[in-house]
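Colleague: Structure provided below as structure tokens; questions to follow.
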Amino acid sequence: MQPIYQYAWIIPFVPLPVTMSIGLGLLLVPTATKNLRRMWAFPSVSLLSIVMVFSADLSVQQIDGSSIYQYLWSWTINNDFSLEFGHLIDPLTSIMSILITTVGIMVLIYSDKYMSHDQGYLRFFAYMSFSNTSMLGLVTSSNLIQIYIFWELVGMCSYLLIGFWFTRPIAANACQKALVTNRVGDFGLLLGILGLYWITGSFEFRDLFEIFNNLIHNNGVNSLFATLCASLLFAGAVAKSAQFPLHVWLPDAMEGPTPISALIHAATMVAAGIFLVARLLPLFTVIPYIMNLISLIGVITVLLGATLALAQRDIKRSLAYSTMSQLGYIMLAPGIGSYRAALFHLITHAYSKALLFLGSGSIIHSMEPIVGYSPDKSQNMVLMGGLRKYVPITKMTFLLGTLSLCGIPPLACFWSKDEILNDSWLYSPIFAIIACATAGLTAFYMFRTYLLTFEGYLYAHFQNYSGTQNSSFYSISIWGKEEPKLVNRNLLLSTINKNEKVSFFSKKTCKINGNVRNLMRSFSTHFDNKDTSMYPHESDNTMLLPLLVLVLFTLFVGFIGIPFDQGVMGLDILSKWLTPSINLLHQNSNYSVNWYEFATNAFFSVSIAYFGIFIASLLYGSVYLFFQNLELINSFVKIGPKRIFLDQIINVIYNWSYNRGYIDVFYATSLTKGIRGLAKLTHFFDRRVIDGIMNGVGVSSFFVGEGIKYLGGGRISSYLFVYLSYVSIFLLIYIFFFRKVESIKLFQTKNGIPLYL
């Protein structure tokens with residue numbers, strides 16, 4: 001056993017000193033800590049880099065054939081109950097550690113510049129370091145109790161990060177929504193853990209799997225109860241990984257800063273649910289109903305996430321629903337028995353999605369000086385377009401991330417997604433058809449996002465910022481894209497008088513086709529003899545460096561799953577890496593597929609992706625804009641019943657997507673209003689009934705006491721008289737009532753009448 005394994009317990013705690021130091025600094029020497037705030041990025045990156053090197057060494061040891069290592073120490077020693085803590089090092093742990101640290105380092109470097117202007121800079125890095133600590137603790141946990149502790153810490157960190165700008169009501173509501181939604185899954189996870197302990201008497205993974213499998217095979221446990229416990233465990237993963245129907249928190253989580261979105265969607269919170277399913281898969285595999293449930297939830301999430309992304313205008317929300325759909329693929333894979341493909345896609349998707357989110361942050365950063373610092377404008381793709389000329393490096397990196405997510409070879413996601421699609425055909429043709437159709441939808445909405453952002457014109461220059469637009473000046477294309485029709489660019493880009501000092505937009509008005517409209521001045525504003533460009537600008541090198549590094553991962557990380565062994569797949573790095581875990585699942589560790597079969601299946605999936613890209617290019621690309629500007633569409637396509645029916649279908653799809661499938665509305669009307677109504681009813685019952693009884697007894701006692709006080713007059717003889725009077729009355733009632741009852745019983749006995757009559 002390598003000595004490095006003995007020190008693996010330190011992995012989760014290495015980033016923690018940053019959080020503690022920032023907290024103590026703000027508490028003891030707040031002024032000095034705030035003045036030196038930019039220095040905290042360096043220790044954050046440095047400490048996480050140490051963990052990355054440590055994790056890389058562990059990964060190399062795993063690939064070279066090291067076995068699973070577990071170290072435990074007892075927390076409590078009792079004859080009836082034993083609780084042990086420790087760390088578990090296996091391929092799954094090493095994979096997750098590499099993902100968390102590499103993506104985390106890129107996000108921290110990026111955030112140093114992105115958050116430099118923010119007053120919460122120190123708080124941001126404290127939260128980020130604590131989030132990395134929580135996630136590293138989760139993936140190294142050796143039992144379910146540790147899993148649950150760090151699971152809750154990850155949820156708390158996501159709450160703090162999503163609500164980072166808590167003074168904004170939308171952000172405050174978003175973090176509360178994420179917390180409440182995840183509490184549903186967390187409660188199920190807790191019940192499932194307690195149920196499994198009741199069945200097996202152990203929290204340790206190895207003991208738990210062995211005992212549970214023996215009980216299932218020997219019918220030693222009620223199958224319905226075992227299925228219920230496993231379903232409750234899976235509920236925790238459903239909520240944390242934003243699977244249907246507990247996915248509603250994910251798009252609202254975009255209210256946090258963009259680096260937080262990259263970290264949550266790539267390597268931390270949403271990956272935690274996938275990690276839990278992968279960790280407990282040996283338990284799930286012995287219950288066929290759970291495997292069917294996992295695959296069903298996965299395929300529903302795949303399709304739902306893709307359809308909800310079709311009409312989003314916010315660039316971050318579009319990527320959020322993309323994450324939801326891709327997580328559906330990752331959840332589908334273990335459900336159909338494809339453990340290797342699930343972890344493969346988890347790796348490739350993490351780097352591609354981190355690249356896309358950080359790229360979107362660069363885009364937002366470049367748009368904010370033009371449209372303002374409101375997320376409703378700076379993240380709105382309707383106001384973007386034509387950015388390829390202004391942010392070429394961001395454009396190149398975003399395009400590569402988009403193509404990777406579309407499944408275009410030789411980029412990373414192609415290899416992993418294609419493996420899932422191939423395995424789905426072996427499991428269920430229906431699931432395979434849905435997965436393949438969603439691959440086309442993925443290519444469509446991802447390329448739609450790219451085209452709306454980087455192609456065409458910069459539509460912010462054609463927008464008046466009162467929130468309205470000239471109807472004749474605009475042509476609204478399919479699903480929210482605003483396009484100029486026969487625009488005189490010289491008129492729109494007319495220059496201002498250099499002797500004037502004005503705000504961003506002129507108050508002059510001019511006539512355009514008979515309509516009065518605010519005329520935008522030249523996008524160069526003069527402040528104190530200094531020209532400030534009002535076009536987007538490329539981000540700082542500190543923000544571009546992580547993008548370029550993630551591009552390298554996107555280009556080459558897919559090769560870890562590609563064999564180089566004369567045509568039969570089975571000797572690739574990933575298969576060697578996962579051999580101990582696959583053997584634990586009692587599967588054949590030699591993953592072999594003929595290259596000819598692989599190429600045939602890949603051709604089909606790539607064709608679907610290219611078809612989606614082609615449709616997106618037709619609807620949002622330069623070809624569509626060319627025909628629209630020449631007004632040739634209506635010349636060739638006559639408006640008839642078929643055209644009207646097609647438009648109605650498009651409107652239905654658009655409304656479904658834009659309104660989030662009406663799922664949020666359903667929850668708001670049924671659950672939220674129902675719970676509030678129940679709370680009001682409970683409040684009424686508590687105040688009027690319970691408190692009414694208590695208050696009524698008190699008031700009655702008060703009046704009785706007052707009456708007796710006035711009746712007695714304060715003399716002892718009067719009190720004795722009243723007391724004797726009450727005693728006499730009770731004696732008379734007793735004599736009259738009980739004597740009458742005894743007489744009736746005696747009469748019945750003498751006459752032979754049953755006593756119960």
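Glycine residues also receive a Cβ, built from the backbone N, Cα and C atoms like all the rest.
According to Swiss-Prot, the feature transmembrane segment maps to 9-29, 122-139, 147-167, 185-205, 219-239, 327-347, 354-374, 396-416, 425-445, 544-564, 607-627, 718-738 (among others), an assignment based on sequence analysis.
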Colleague: With pairs closer than 6 in sequence left out, are the transmembrane segment (327-347) and the transmembrane segment (425-445) joined by 3 or more CB pairs under 8 Å?
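Modeller: Output yes: the transmembrane segment (425-445) sits against the transmembrane segment (327-347).
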Colleague: Can you say which of 9-29, 122-139, 185-205, 354-374, 544-564 has the most Cβ pairs under 8 Å with the transmembrane segment (327-347)?
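Modeller: Per the Cβ under 8 Å count, 544-564.
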Colleague: What residues elsewhere in the chain lie close to the transmembrane segment (185-205), defined as a C-beta under 8 angstroms and at least 6 residues from its ends?
Modeller: 72, 83-84, 88, 142-145, 147-148, 151-152, 155, 211-212, 215, 221, 225-226, 228-240, 246, 276, 279, 283
Colleague: Six or more residues beyond either end and a Cβ under 8 Å away: which residues meet both conditions relative to the transmembrane segment (219-239)?
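Modeller: Result: 151, 181-182, 184-186, 188-189, 191-193, 195-196, 199, 212, 245-246, 273-274, 276-277, 280, 283-284, 287, 289-290, 293-294, 297, 331.
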